[in-house]
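**Q** Sharing the feature lines straight out of TrEMBL:
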DOMAIN    23-288  domain 'NADH:quinone oxidoreductase/Mrp antiporter transmembrane'
DOMAIN    290-343  domain 'NADH dehydrogenase subunit 2 C-terminal'
TRANSMEM  60-81  transmembrane segment
TRANSMEM  93-115  transmembrane segment
TRANSMEM  152-171  transmembrane segment
TRANSMEM  178-197  transmembrane segment
TRANSMEM  203-225  transmembrane segment
TRANSMEM  237-255  transmembrane segment
TRANSMEM  275-294  transmembrane segment
TRANSMEM  326-346  transmembrane segment
Amino acid sequence: MNPYVLMALLSSLGLGTTLTFASSHWLLAWMGLEINTLAITPLMAQHHHPRAVEATTKYFLTQATAAAMILFASTTSAWMTGEWAINNLSGPIANTMFVAALALKIGLAPMHFWMPEVLQGLDLLTGLILSTWQKLAPLALIVQVAQTIDPLLLTTLGIMSTLVGGWGGLNQTQLRKILAYSSIAHMGWMMIVIQYAPHLTLLALGTYVIMTSAAFLTLKMLLATKVSTLATAWSKSPVVASAAALVMLSLGGLPPLTGFMPKWMILQELSKQDLPIIATVMALAALISLYFYLRLCYAMALTISPNTITSTTPWRAHTTQASLPLTIFTVAALALLPVTPAVLVLTI
């Protein structure tokens with residue numbers, strides 16, 4: 001892709017998200033979401049592969065549907081109340097329609113069906129943008145209106161997403177689909193606590209972005225898109241394979257890695273709010289997700305490729321990919337748990 005075009009598209013992505021962050025008016029927020037969608041569409045279709053075009057079409061139709069629902073909900077709210085302020089939704093109908101639209105935007109269960117299919121058709125870097133940056137603007141809107149939404153609706157979305165994200169990833173062999181289900185499960189953790197402690201939702205989002213970036217960049221470095229290709233990772237680069245296994249365990253939420261921090265604090269908050277059954281369900285759902293992360297670790301660290309090659313192989317050549325972003329995200333994904341007290345002081 002032409003670098004000038006690429007720069008324009010990436011600038012538009014930044015503009016769309018910033019516009020939604022800064023707006024207190026429904027039409028401006030909607031406009032920011034639309035700029036986001038239109039900016040990422042050419043990035044998704046840039047390889048002209050049939051799967052990429054199919055994924056782009058699915059994504060565009062899904063996002064257009066969600067945008068139309070947001071516009072309809074905001075128009076209904078403005079008609080009832082006479083104003084377009086984001087934090088002033090009119091009633092249960094506009095509220096529910098709005099949450100359903102934003103859940104469709106970020107891929108919360110049961111509106112998650114597009115997410116694995118779309119991510120599977122993209123290359124890893126565009127998939128990284130879709131899994132991280134594209135979640136920010138809709139989540140910012142959900143945080144703003146969370147206090148006016150029925151708690152039962154948010155709890156249902158959270159529990160369903162965590163369970164679907166766990167069950168859906170169990171029998172997958174494609175790494176991008178596994179990361180899509182991982183994304184759905186993490187969104188569920190953010191939704192479950194958004195009404196009681198929005199700062200914990202933002203903390204979970206931050207750690208999710210760090211860990212997912214580390215995972216995608218590692219897979220890009222290893223040129224791996226299937227679980228079976230991870231078996232050769234140890235031969236190519238033992239250090240990257242070791243770090244990748246730990247990143248997967250961090251995504252699963254195992255201590256003493258970074259991924260344990262948000263899960264621990266969310267479960268603590270749910271217990272404080274006198275919701276022990278919901279906390280137990282969430283903890284058990286996290287175990288289901290942990291199983292498929294352990295599968296990936298097993299494929300990387302405990303299996304060797306069946307092909308015994310004695311000659312010098314082309315994949316031993318040095319990669320041209322920049323390793324600094326991968327290093328930064330991997331270190332952050334593995335080593336931030338000790339700063340939990342500082343995070344607590346800053347967020348409360």
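Even glycines carry a Cβ here, placed using N, Cα and C.
Quantities reported herein were computed from a predicted structural model and do not represent experimental measurements.
Locate each feature and note its surroundings.
**A** Averaged over the domain 'NADH dehydrogenase subunit 2 C-terminal' (290-343), the predicted model reaches a pLDDT of 79.
Beyond the transmembrane segment (60-81), the same-chain residues lying 6 or more positions past its ends with a Cβ under 8 Å from any Cβ of the stretch are 26-27, 29-30, 33-34, 37, 41, 88-91, 93-95, 97-98, 100-102, 104-105, 114, 118.
For the transmembrane segment (93-115), same-chain residues at least 6 beyond its ends with a Cβ under 8 Å from one of its own Cβ atoms are 33, 58-59, 62-63, 65-67, 69-70, 72-74, 76-77, 80, 134-135, 138-139, 141-142, 145, 148-150, 153-154, 157, 160-161, 163-165, 168, 180, 183-184, 187-188, 191.
Non-local neighbours of the transmembrane segment (203-225) in the same chain are 124-125, 127-128, 131-132, 135-136, 139, 174-176, 179, 182-183, 186, 189-190, 193, 233, 236-237, 240-241, 243-244, 247-248, 250-251, 258-259, 261-262, 265-266, 315, 319, 321, 323, 325-326, 329-330, 332-333, 336, 343, 347; each lies 6+ residues outside the stretch with a CB under 8 Å from one of its CB atoms.
Long-range contacts of the transmembrane segment (237-255) within the same chain: residues 182, 186, 211-212, 214-215, 218-219, 221-222, 230, 263-264, 286, 289-290, 293-294, 296-297, 300-301, 330, 333-334, 337, each at least 6 residues beyond the stretch ends and with a Cβ under 8 Å from a Cβ of the stretch.
Sequence-remote contacts of a segment are chain residues at least 6 beyond its ends whose Cβ falls under 8 Å from one of its Cβ atoms, and for the transmembrane segment (275-294) they are 155, 158-159, 162-163, 165-167, 169-170, 172, 178, 181-182, 185, 188-189, 192, 248-249, 251-254, 263, 266-267.
Long-range Cβ contacts of the transmembrane segment (326-346) within its own chain (Cβ-Cβ under 8 Å, at least 6 residues beyond either end) map to 203, 207, 210-211, 213-215, 217-218, 221, 243, 246-247, 250, 255-261, 264-265.
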**Q** Cβ under 8 Å, sequence separation of at least 6 from the ends of the transmembrane segment (152-171): give me the contacting residues as numbers and ranges.
**A** 96, 99, 103, 108-110, 112, 116, 146, 177-178, 181-195, 278, 281-282, 285-289, 291-292
